[in-house]
Each structure stands twice: as structure tokens, then as C-alpha cells.
């Protein structure tokens, strides 16, 4: 989507704020003893309060308001009976629509303290990779510069990127052009970023793996070697002044 009017911009900011509020409220509630289904109910209540609709349910008939992935799960984890434990690596991915406009955001974090420092490391490096990618977001620059920055950050920290999970265009649907915002450099991709373009940027940083495979059900993705993976995602509008993150709530 290319934002052309202030009405479109405000609508994107509104759904971005709603998704960010859901994400942050769920993260705050992620404590040892809570189930992923209980966390998902928080999203249901907040979506209803703000007049928004879960995109996974609306677009994909997904069996949950949000995707909650724990430890060996990388993405598209189904909320259910799973109990959160101290030291778990958790990813919460929230996407929704309101009045025909979408936002998509995600965060990975460690619950409490873990005796496995690599869990926190992949989270920290995912954040670093996202921040470095944002330095490349300007009209007229190559889309592939985002992936180059993400991959470089991973390598500098002796980590890898997941190559078959990518960002994407977003705005008037959950997935639209550009179909892929890679987390590595693709020299064949000559796509240029445009003023007002809306994209979801989501680095997936791993301890060892470079690909995910289907997991325990038809939705969840896992790595074959059970590598830890962390994701950070925001909905980003390309502007001449730099990236505008609709899913970031200012402190």
C-alpha cells in the first residue's frame, strides 16, 4: 500500500496503536503459570474494546486471535493449554484490521530469567537487527538493503537469519506487495522503496538454523535442530524523514 491521504495515515496509525497495545499488554501478562489461551483472551477483549478484528482469524481462519510461539515454536503457534514457565522464550505476533486497514507486529522475549543465555541473546540481536534495518528505510533506496542490514547484524553476533520467513507489504490487506522483505541480501531484488509505502519488517534471528519447517500441527513452524529463534516486527511507513512505525508506542 502507498499512503496518499491523511485519512489513510490516521487509519493506519489507529490500527497500529491497537496492535501495539495488545502486544504490550499480552507481554506484560506473560508470567509463569499462565496459559497461552489465557493470553490470547486478552487480545480478544482488547480487539472488541477498540472495534478491531483479528487478522489471522479474518484472513486465514487461524484458531486464535494471535500467534503465540514458545521455545521450539518459531512462528504461528496456536494459543491453547500450554503453560508458560520461567525461562521460556516466547514470541507474540499480533495483526488486526479496522475499517479496512491493517497492522502487524511481534516481539520475542524471555520470561523471567533463563539459565540459557542464548535465549536472551537472540532477542537482543533481533532488536539490533531491526534498528539497523530502519537506518536503510528511505524513499528511493533498495528494499534489499533491509535484508543486508539484518543479515550483517546476525553475522556480527555469530548468529543466523531464518531465510524462509520474511517481512511483507501490508496496509489494505495483511500480505500485499512487496511479497517479501527478506532477512538477507538478495542481489537480484532491484525493488526501490517509495514514499508512503507500508511494509512489515520482521527479522528472525537464530542460534544456528537458517530455515524453518512445519511443526507439530498444520500451523506452527519449528527448526529441525531446535535452535532458538527470536523475531521483532513492526509496521513501517516509508517517509522522506525516515521510517514511521505505526506499531510503536512512544514511552
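Cβ coordinates come from backbone N, Cα and C, glycine included.
Here is what Swiss-Prot records for this protein:
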BINDING   76, 175  substrate binding site
BINDING   93, 104, 233  divalent metal cation 1 binding site
BINDING   104, 168, 202, 233  divalent metal cation 2 binding site
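Cβ neighbours within 10 Å of residue 93 (divalent metal cation 1 binding site), excluding its own Cβ and spanning all shown chains: 22. Look at the Cβ of each of the binding-site residues 76, 168, 175 and count the other Cβ atoms within 10 Å; the largest number goes with 76. Note: residue 104 (divalent metal cation 1 binding site) has non-local neighbours 19, 55, 93, 94, 95, 170, 174, 200, 202, 233, 235, 247, i.e. same-chain residues 6+ apart with C-beta under 8 A of its own C-beta.
According to DSSP, residue 233 (divalent metal cation 1 binding site) is assigned to a strand segment.
Cβ proximity to the divalent metal cation 1 site centre (mean Cβ of 93, 104, 233, cutoff 8 Å) flags the following additional same-chain residues: 94, 95, 105, 106, 200, 202, 231, 234, 235.
For residue 202 (divalent metal cation 2 binding site), the count of additional Cβ atoms within 10 Å of its Cβ stands at 27 [all protein chains shown].
Of all Cβ atoms in the shown protein chains, 25 besides its own fall within 10 Å of the Cβ of residue 233 (divalent metal cation 1 binding site).
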